[in-house]
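Undergrad: Below are the features listed in TrEMBL for this protein:
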- LYS78, LYS102, SER357: substrate binding site (BINDING)
- LYS114: active site, proton donor (ACT_SITE)
- ASP154: site 'Important for catalysis' (SITE)
- THR198, ASN229: NAD(+) binding site (BINDING)
Amino acid sequence: MGYIEPAPITDKENPFESMMERFNIAAEKLGLDLETYEVLKSPAKQVIVSLPIVMDDGHKKVFEGYRVIHSNTLGPSKGGVRYDLDVNLDEVKALAAWMTWKCAVVDIPYGGAKGGIKCDPSVMSKGELERLTRAYTVKMYEVFGPDTDIPAPDMGTGPQEMAWIMDEYSKAQGKTVQAVVTGKPLVLGGSLGRVEATGRGVMVSTMEALRKMKIDPTAATVAVQGFGNVGSNAAKLLAQKGLKIIAISDHTGAFYNLDGIDLREASEYRATYKTLEGYTGGSKITNDELLELDVDVLVPAAKEDVINNKNADKIKAKLIVEGANGPTGAKADGILHKKGIVVVPDILANAGGVTVSYFEWVQNRLGYKWTRDRVNRRSDRIMKEAFERVFSVADKHNVSLRIASYMVAITKVADTYKLRGSF
Ligand code: GLU
């Protein structure tokens with residue numbers, strides 16, 4: 001273990017500070033006492049490991065791995081593991097805290113955590129990724145556990161990585177422990193509906209917001225930034241509800257088609273080429289141009305800080321639904337608010353993923369499998385109830401949905417902390 005300097009974040013906002021700015025506003029509105037404030041803002045545990053891996057060409061390469069447990073007040077900590085070159089301690093800390101607030105907003109019995117490995121999975125072989133994932137799991141034996149800390153997929157990871165984590169953890173336990181990780185392949189105890197769950201929650205939040213805003217969904221246009229698991233599923237499910245998806249993008253660029261993007265064709269293209277580069281189903285624009293399109297709904301479903309104080313005043317969407325974690329920097333909040341743009345924040349909008357992770361964990365512990373219909377029905381209900389809770393707090397206190405979400409979450413964690421004391 002060692003100390004690693006967080007990567008310098010140039011003109012971008014530091015994600016942890018961005019999270020804290022909102023936390024501070026909500027804490028002040030709630031009149032949170034200083035002691036509870038200090039406890040809630042401090043991550044419970046931060047682990048940094050080095051992972052020496054034998055690469056396919058025989059040389060050894062050392063990767064940095066992280067796991068930050070922000071809180072375990074509500075229950076075992078929960079959160080994904082990200083494989084990305086931009087992974088750094090401050091990002092993982094912010095993402096871990098967002099998991100705490102997210103689980104509290106949707107009222108599931110988990111604390112928050114996040115993990116990450118600084119790597120580029122797109123240039124690694126399957127064997128290299130397996131060795132990396134197993135080495136990470138070995139170093140995290142003491143951290144992970146079905147009653148302590150439960151990883152899941154995030155950017156750059158998916159069911160295969162979760163299968164390796166479950167297998168490696170199970171080896172040490174001498175028995176199969178399915179509930180140590182969620183987002184597993186179906187045959188290993190994964191849940192029906194988990195892959196689409198985050199995108200589905202984004203769709204449900206969008207429909208709820210449009211209803212409140214009295215916008216007819218069948219006349220609404222949408223731009224989706226990011227075409228990974230969250231963006232592609234959100235786009236597909238929104239299109240099924242009659243909304244017209246007029247722009248999509250990935251890291252190589254964006255595509256715009258006023259007649260609507262053929263999502264099946266785009267998904268097939270991406271599955272074949274692993275990228276949207278060269279896609280011809282829309283005219284090519286930049287990611288920045290996509291964000292500034294005159295649409296009803298904008299779904300940022302890629303990375304942090306894409307809407308910031310440089311472009312916030314150029315955003316024309318009426319509604320932003322945050323599929324990604326932290327896509328709007330704190331400095332942009334005020335600008336969007338002033339423009340009357342409604343933002344369904346990440347900790348509410350993308351909570352469908354962790355909600356179905358919770359269902360997966362419950363099913364593993366019950367030894368019983370739910371139907372897709374039951375999973376969808378229950379997660380839709382949780383998302384709608386959470387939206388309603390947040391909306392009424394926003395209304396009552398005259399704050400944005402983001403600050404209201406933090407208020408709901410902080411109240412829940414603070415009340416629990418006060419009742420039980422520290423752990
Ligand atoms: N990585 C996802 C998120 O940011 C899912 C976490 C989980 O299912 O534990 O919400």
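Numbering starts at 1 and runs along the chain as it is shown here.
Glycine residues also receive a Cβ, built from the backbone N, Cα and C atoms like all the rest.
Because TrEMBL annotations are produced automatically, they should be read as predictions rather than curated entries.
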Undergrad: List, in residue order, those recorded positions out of LYS78, LYS114, ASN229, SER357 with a Cβ under 6 Å from any atom belonging to ligand 1.
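TA: Those recorded positions that pass the cut-off, since their Cβ is under 6 Å from ligand 1, are LYS78, SER357.
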Undergrad: Ten-angstrom check, please: count other Cβ atoms within 10 Å of the Cβ of ASN229 (NAD(+) binding site), all chains counted.
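TA: The answer is 21 other Cβ atoms.
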Undergrad: Max Cα-Cα distance in Å among LYS78, LYS102, SER357, the residues listed as binding substrate?
TA: 13
Undergrad: For LYS78 (substrate binding site), name the DSSP secondary structure in the helix/strand/coil scheme.
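TA: Assignment for LYS78 (substrate binding site) reads strand.
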Undergrad: Which state, by DSSP, holds LYS114 (active site, proton donor): helix, strand or coil?
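TA: Where LYS114 (active site, proton donor) sits, the three-state DSSP reduction gives strand.
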Undergrad: Which residues, in sequence order, are found in the same chain with Cβ within 8 Å of the centroid defined by the Cβ atoms of LYS78, LYS102, SER357 at the substrate site, excluding those residues themselves?
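TA: The surrounding set, listed in chain order, is GLY79, MET99, CYS103, ILE108, TYR110, GLY112, ALA152, ALA351, GLY353, VAL354, THR355, TYR358.
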Undergrad: Counting distance between Cα atoms, which of the recorded positions LYS114, ASP154, THR198, ASN229 is nearest LYS78 (substrate binding site)?
TA: LYS114
Undergrad: At the Cα level, what's the spacing in Å between LYS114 (active site, proton donor) and LYS102 (substrate binding site), rounded?
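TA: One finds 12 Å between the Cα atoms of these residues.
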Undergrad: Measure from the CA atom of ASP154 (site 'Important for catalysis') to the CA atom of SER357 (substrate binding site) and give the result in Å, rounded to a whole number.
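TA: Per the Cα atoms, SER357 (substrate binding site) and ASP154 (site 'Important for catalysis') stand 12 Å apart.
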Undergrad: Using the alpha carbons only, what distance in Å do you get between THR198 (NAD(+) binding site) and ASP154 (site 'Important for catalysis') once rounded?
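TA: The separation of the Cα atoms works out to 11 Å.
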Undergrad: Relative to the Cβ position of ASP154 (site 'Important for catalysis'), how many further Cβ atoms are located within 10 Å?
TA: 24
Undergrad: Non-local Cβ contacts of LYS102 (substrate binding site) (under 8 Å, 6 or more apart, same chain)?
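TA: Once residues fewer than 6 apart are set aside, LYS102 (substrate binding site) is near GLY112, ASP346, ILE347, LEU348, ASN350, ALA351, VAL354, ALA409.
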Undergrad: According to DSSP, which kind of secondary structure is THR198 (NAD(+) binding site) found in, if we only use helix, strand and coil?
TA: helix
Undergrad: Across all the protein chains here, work out how many other Cβ atoms are within 10 Å of the Cβ of THR198 (NAD(+) binding site).
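TA: Other Cβ atoms found within 10 Å: 28.
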